[in-house]
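Chemist: So that we are looking at the same thing, I have put the structure below in structure tokens.
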Amino acid sequence: MNKTWRTRKLKFDSSWQKAQSIGMGNYSAVTEFFLVGLSQYPEVQFFLFALCLIMYVIILLGNSLLLLISILDSRLHTPMYFFLGNLSLLDICYTSSSILPMLIIFKSGRKSISFMGCALQMVVSLGLGSTECVLLAVMAYDRYVAICNPLRYPIIMNRVLYVHMATWSWIIGCLNSLVQTVLTMVLPFCGNNVIDHLTCEILALLKLICSDISMNVLIMTVASIVLLVIPLLLIFTSYVFILSPIMRINSVEGRKKVFSTCSAHLTVVILFYGSALFMYMKPKSKDTKASDEIIGLSYGVVTPMLNPIIYSLRNKEVKEAVKKVMSRHLHL
């Protein structure tokens, strides 16, 4: 009996050690990832590097200028420009977290990124993208109140409310990103460390995992509905209610000003949500396609680049504020 017990114990101990070693191997085997997105098109990599570099410089200059004038010009200390300043800050941080490492990879030719670096890139870019989803819906609500309840607008959209709305946009986006990133990075990759994407994008990483990802897919689906579909419905509902008061404005100049502001916001919404919905809500194929990577670039570079251009070109107040700031610096 004693001998039998010892034999069973030894077998159990050896099985437990083997399971631990396998588990640790799966966890520690991947210490870095290789980003090989669009590697099948080496002839376009220099073109992509030059294009992304130009776009990144435009993003930094345009959004920094928009953020600066929204702080310096007292006429722009309103809820709308406060949200617009947050949007500019989001775009600067988002592109710096994803596009800047991509430019370094293009230039150096070293396509590897550490495990922790990949996790950090994913949590930052996903968090900022999620925040922008909520922020665009908040901006639509701001326009709804401004146009449909102009007399009560200063009371409804007081400083406490719009600061809280912006803060909660950041909190919701960061929480979503943190949960999805942690749930992804704790799963075993079993030695698979080649990411068929230009950045550490969560969809590309999930394809490398060698265990059940049904919980990840469920959480991502719920997050996509909450952060993409619902905000988009709220935005279009807001504009349905906005349309009637706009038609009743007698002044051609007043109607033109309202149309200018609303069309700028709608343009940004269509660009951002269009690419995001294509990325996260379309039926998933087994492999990442080149179209996904191009849409990813649009989602990560084109939209942040166009945001300041759209808002400045279509907004008289922004143009005047830019002229004022520029003339002040020229006189100095």
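Any Cβ shown, glycine's included, is placed from N, Cα and C.
According to TrEMBL, the feature transmembrane segment maps to 21-41, 47-69, 81-106, 112-139, 160-179, 217-242, 263-282, 294-313. According to TrEMBL, the feature domain 'G-protein coupled receptors family 1 profile' maps to 62-311.
Describe the structural context of each listed feature in the structure shown, including burial, neighbouring residues and relevant distances.
Modeler: With a cut-off of 8 Å between Cβ atoms, the residues of this chain six or more beyond the transmembrane segment (217-242) that come close are 130, 133-134, 136-137, 140-141, 143-144, 147-148, 172-173, 176, 179-180, 183, 202, 206, 262, 266, 269, 273, 276-277, 280-281.
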Chemist: Which whole-number mean pLDDT does the model give the domain 'G-protein coupled receptors family 1 profile' (62-311)?
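Modeler: Overall, the domain 'G-protein coupled receptors family 1 profile' (62-311) comes to a mean pLDDT of 83.
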Chemist: When you scan the chain for residues with a C-beta under 8 Å from the transmembrane segment (81-106), skipping those not six or more beyond its ends, what do you find?
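Modeler: Contacts with the transmembrane segment (81-106): 35, 45-46, 48-49, 52-53, 55-56, 59-60, 63-64, 66-67, 70-71, 113, 117, 121, 124-125, 128-129, 131-132, 135-136, 138-139, 142, 162-163, 166, 169-170, 198-199, 300-301, 303-304, 307-308, 311.
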Chemist: Going along the chain, which residues at least six beyond the ends of the transmembrane segment (112-139) come within the CB cut-off of under 8 Å?
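Modeler: Contacts of the transmembrane segment (112-139) (Cβ under 8 Å, skipping residues fewer than 6 from its ends): 30-35, 80, 83-84, 86-87, 90-91, 93-94, 97-98, 101, 105, 165-166, 168-170, 172-174, 176-178, 180-181, 184-185, 195, 199-202, 205, 223, 227-228, 230-232, 234-235, 265, 268-269, 272-273, 276, 299-300.
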